[in-house]
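Heads up: the structure comes next, in structure tokens.
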Amino acid sequence: MSVIDPNAEDTSWMLKPLKRLRKKKFACNWATKLITLLVQNDTSWEKTESRLSKNKEKFHQYGKSSSTSQQEDIATAFESAMRLPDTPLMLATKHGCTEIVVEILEQYPQAIEHIDQDGHNILHVAILHRNLEVLDYVVSTEYATERLRGKIDHDANTLLHMVGEEEEDGDADLKGPAYVLQDNIRLFKKVEKLCTTLDRFKLNSRTKTVEQLFYENNNNRRAQAKEWMIENAKNYSVVAVLIATVAFAAEYTVPGGSNPKVGEPVLKEKPLFKFFTIADAMSLSAALTSVIMFLNVITSSYRFKDFEKALLRKMNAGITMLMISLAMLMVAFAATLILTISGGKKWTDITLYAISFFPVVIFTITYLGIEKIDLSNIYGFFKRKLKHMISHFFNQNPKPTVWYSGQQNTSTHRPSVI
């Protein structure tokens, strides 16, 4: 057994972001090679083939004796106790490891038709665990789709039944129930295009049609999504009304005051005053628009089909308008501060500009995700500036140090690890 040391070469001169990127690239390259080696030596698909072709004893369903029923119960219990682990293909499909699925199917295309012990093929498993990348890859192979789309499992579940038989997913807790329900509805529409019209009316072993199973398993989620959206829409509406109130009041208390003789603003000729007026008007308009959108969401009927597009579009549009309104209110505040306090000195103005636009910067960082700049951007910058020096480390695989049984191999020849 050999262990590869990714820190074999001296990288002390490199910046930490570049070190992390280099280490990730190194690990990714060797992980890909390891996957290729394991897939080439994998024979688990042969076991699923023999299991699929093995005929099971069938008990007669009409007028069966008590002894026959006991035999059937014993056989079922024995089968559950002797359940074999999933094959690598099914495990990769369950966990969304698309690269491994692609590698296995490229090496053994015939494995795409194999099933697990529940009778699930790769499409059943991908839909059940909501791994859409795997689903899209399998669907892209048209020949496989034609052979797999009409298959049912041991409980007579079609692909559409699998949409309603969702497995528990910890990642679903990170999303609002309305977004999870929207994903399920869109997946149903997507899978529906793969299946035949007859599949919609097929009954599974529990005598449930596709739509009955989907509605039954998602009714509770729809109630949660309705409560979640109404509560959020109400909270957003309160904030939008407060912003509209402040923006409306600011129009009648303009910076610098008004001329008592003619009633015109004293600072109306300054460019920043026009900037303040435009920003304040945009803030008021956007706030009132968001209130209308949120009221529309609150008074909706909340049917299943509404969650597919309409409701979340209205909610997202309302949130967007609310963010625009808040941003414009911050800009109007900054313009007011500069108009009324600016002293004419350069250092004073620079400090004032920085303080005035500080809320705008914080808002941008919070809602536009500037704090999540990927390190690859930093890497790209340094690569352009130091192209010749870095290319040696990123365009070639680093020479690994290989350890055998605790002894370091210091020879200049690099042994074959894979």
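Glycine too: its Cβ is placed from the backbone N, Cα and C atoms.
Copied over from TrEMBL, here are the features:
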DOMAIN    227-339  domain 'PGG'
TRANSMEM  236-255  transmembrane segment
TRANSMEM  275-298  transmembrane segment
TRANSMEM  319-344  transmembrane segment
TRANSMEM  350-370  transmembrane segment
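Sorting the domain 'PGG' (227-339) by DSSP state (H, G, I as helix; E, B as strand; all else coil) yields 89 helix, 2 strand, 22 coil. In the predicted structure, the domain 'PGG' (227-339) carries a mean pLDDT of 85. Listed by sequence, the residues of this chain that lie at least six past the ends of the transmembrane segment (275-298) yet keep a Cβ under 8 A from its Cβ atoms are 229-230, 233-234, 236-237, 240-241, 243-244, 247-248, 250-251, 254-255, 311, 314-315, 317-319, 321-322, 324-326, 328-329, 331-332, 335-336, 339. Long-range contacts of the transmembrane segment (236-255) within the same chain: residues 265, 267, 273, 276-277, 280-281, 283-284, 287-288, 290-291, 294-295, 298, 318-319, 321-322, 325-326, 328-329, 332, 335-336, 339-340, each at least 6 residues beyond the stretch ends and with a Cβ under 8 Å from a Cβ of the stretch.
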